Structures are given as structure tokens and as C-alpha cells.
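Right, one structure below, let's go through it.
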């Protein structure tokens, strides 16, 4: 038995929700370790759809413990609203099934406002990143700047007052630069006071809790948000998120040592998508790109934004396999490729006349690369609902084997529809 870390191996939206749902049924504890409420997924259980963006997936299953780790930035208002939506659907979220790290950073209204002001200013200059304007980046900045308000701070309003002064010194200077009204001390104190009683009952020393669970033999599932190519260090900077999204963050963002992480499962879409700005070497602007977007229902769970679509980029996923230490992948949305006459896979790039096998880190170089493709024959038969290899067309199997060879990692699971049972299991990550 081992613990499992789920990471996205592309730019997010790889279909983690279904795979995490499938795994969470067998886990005892499900842990979110990075990000905020800027990335979401939909779980379908007994025909009911649950849309989650901040809460770990385990919260919708009876008897599971959901944990929000210290690596997450928590918008208390968004959390309370999400809990409320689940309660309307009959899911009770209590301190019995949800614990939040007492040292997790809080997202405040001033973070959301700063995020929006920056995006507006960047839009005018043509340099916008395309954030969700939810305050994620500014909250992480305050965390690194050692002026953040954390969950534990809500328990001591007297000490909190000085911390609010400190954060306002920074933010009001920025607001003056944008020509915005300054925020008063009273406004932030009232904001925090209004949610303290709702948030504090969930507060926990999470590293200690997880250590006890591990020693007791619990199966722990670490649930990543977004994708590895959005990692602040290893992604397509500056068009990235504000946290580390690679598997190593599961240790730092939860307080468990890296030796306890276990199987690293990379969720990998059979083609490539991206939301927002940034380089995308295999992007398709033709009818095939439109076909993938429409058939794959490529719209964001949280934002509703249309995703850009392109061919599978093995060079990028190969990088993710290396930077995450991926043990095996879950290949999703293979069925979306049904009916195409031919398929292309990017195996490397040309940069200034030279062939290279990885995407360079330089923003300028990323804009100049041209994909090098191999072409495979497509298939006309349907793969929808396939639950064993024998159900797949020969050309689909050939495509999967080519992906495995090019990225240097085996397929552990193969998803053939949004339904959780339409999955071909090759290797059980929890039993590896």
C-alpha cells in the first residue's frame, strides 16, 4: 500500500476530477496542497454533479477526511460559499470531515482588488497574464513577503490588529500607485471578524494530523490543482500560476516528508489545451482545433473560458514526467480523438534552425519554436466506454503505446468517457 499524488502534466484541465474521484473512493484522507479557488473540477457521483474549486474531492464522500494544506491560499468567503452550495446538495461539511491548516494564508478582499487592478493595467499595455482575478497571486506575494494573515491569526484579534497594519502599509502604497482609494484598518478587521467563527472550527495543525494518519496506515491522496506547466518555476513563465504545482509541492504544501508521497500519477490529456495567455507550440487554429474544443467540451469549470486546443505535445509531457518524478500517467479523453483521419504528436522543436528536445525557459525562445511532428493513422471506431484493451481499435492502442514511448512513462489508467467506470486500469496506484 502506498500514498498517491495526483498532478496535471500539462496546462491544467487534464481531467483530474474524474481520476481523483475514482481514487478518493479508496483513500482515507484527501489533501489539497497548493493553489486556491482559481482552478475547479466537477465530480459526478450517483448522477449528481458537484463543482469544487477549493474543497478537496474527498469532502463529498462519507467517511473520508478532507484536508486543506498550508500550501493553499484560502479565500474564506469563497470557502463558506462552496460549503453552502454543497449543503444544498445534501453534503454536510463539518470539522469532522474537513480540516484546514492553521498556517494557511488567507485571501482578503484587497488581494482580489489588486489582482483586478493589475490585470486592467496590463490589458491596456498588452502584457496581461490572464489571471482569474481571484487574488491568488497577491496572496502568495504577501505570504512570501511575510506579511500574510493566516488562519491561526483569526483566533487572536488583538494581535491581528498589528498584522493588519503591516499588510495595509504595503497594499495602500500599491493602491495609491493605481489611483485607487486606500483601505481602512477597520474595513479589514471587520472583514476578518465576520468570518472568524466560521473558519476557526476547521483549523488544525495539519502536518501533525497527517503524520498520525500515516503512522496509522491511512491511505492518503494528494490532490493537485492546475498543471505542471503552470508551475511558477517549471512552467511557461510569466504565464504561470503563483505557486509550485509539481509533485514535490505535495510535501511542502502539506507538511509531510517527500519520502511519504509514494506513487506520482500524472493526469495527461490525449491532446493539449490551454486557457488564457502564453506560448502553445502545437495550438491549432483550424477546423481540427475547433473539433477538439467542441467534442471535448473545452470550457473552464470555474471561469467558463474557452480553452485553446492543439495536438499532443510529448516534449512538454516528457518534461513534466521528469520534473514531477511521475511514476505513471492517467491518459484521459482518448475518445475525443475518435473519427480523425490522422493524428499528430509533437516530439520536439526547431529553434532558430536547430532541433531541440525540450521547450526552452526563455520567453523569447518559446515564442520562436516550431513543433516537430510524427503523424499516426487515426481510427473511425468509437472508444467511448471502453473498459478493457480488447475494446479499443488497433490504431488507438498504437497511439497510446507511442505516447508511452515518447514521454518515458507507462499508462496506469486510461479514461474513455467522463463516466467514472469507463476506465481501463493497468496499474493500481495505491497498490504499486
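Backbone N, Cα and C atoms are what each Cβ position is placed from, and that goes for glycine too.
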Candidate from 99, 176, 305 that Swiss-Prot assigns to the same IMP site as 13, 14, 15, 16, 38, 39, 40, 41, 132, 146, 226, 241: 305
Neighbour-count leader, CB within 10 A, binding-site residues: 42, 416: 416
Cα-nearest neighbour of residue 226 (IMP binding site) within the listed binding-site residues, 12, 18, 304, 307: 12
Cα-Cα distance linking residue 305 (IMP binding site) and residue 41 (active site, proton donor), given in Å to the nearest integer: 14
For the binding-site residues 12, 15, 40, 304, the one whose C-beta sees the most other C-beta atoms within 10 angstroms: 12
Under 8 Å by Cβ from residue 306 (substrate binding site), same chain, sequence gap 6 or more: 275, 293, 298, 299
Lowest local Cβ density among 38, 132, which the record lists as binding-site residues, within 10 Å: 132
Max pairwise CA distance, angstrom, over record-listed IMP binders 13, 14, 15, 16, 38, 39, 40, 41, 132, 146, 226, 241, 305: 35
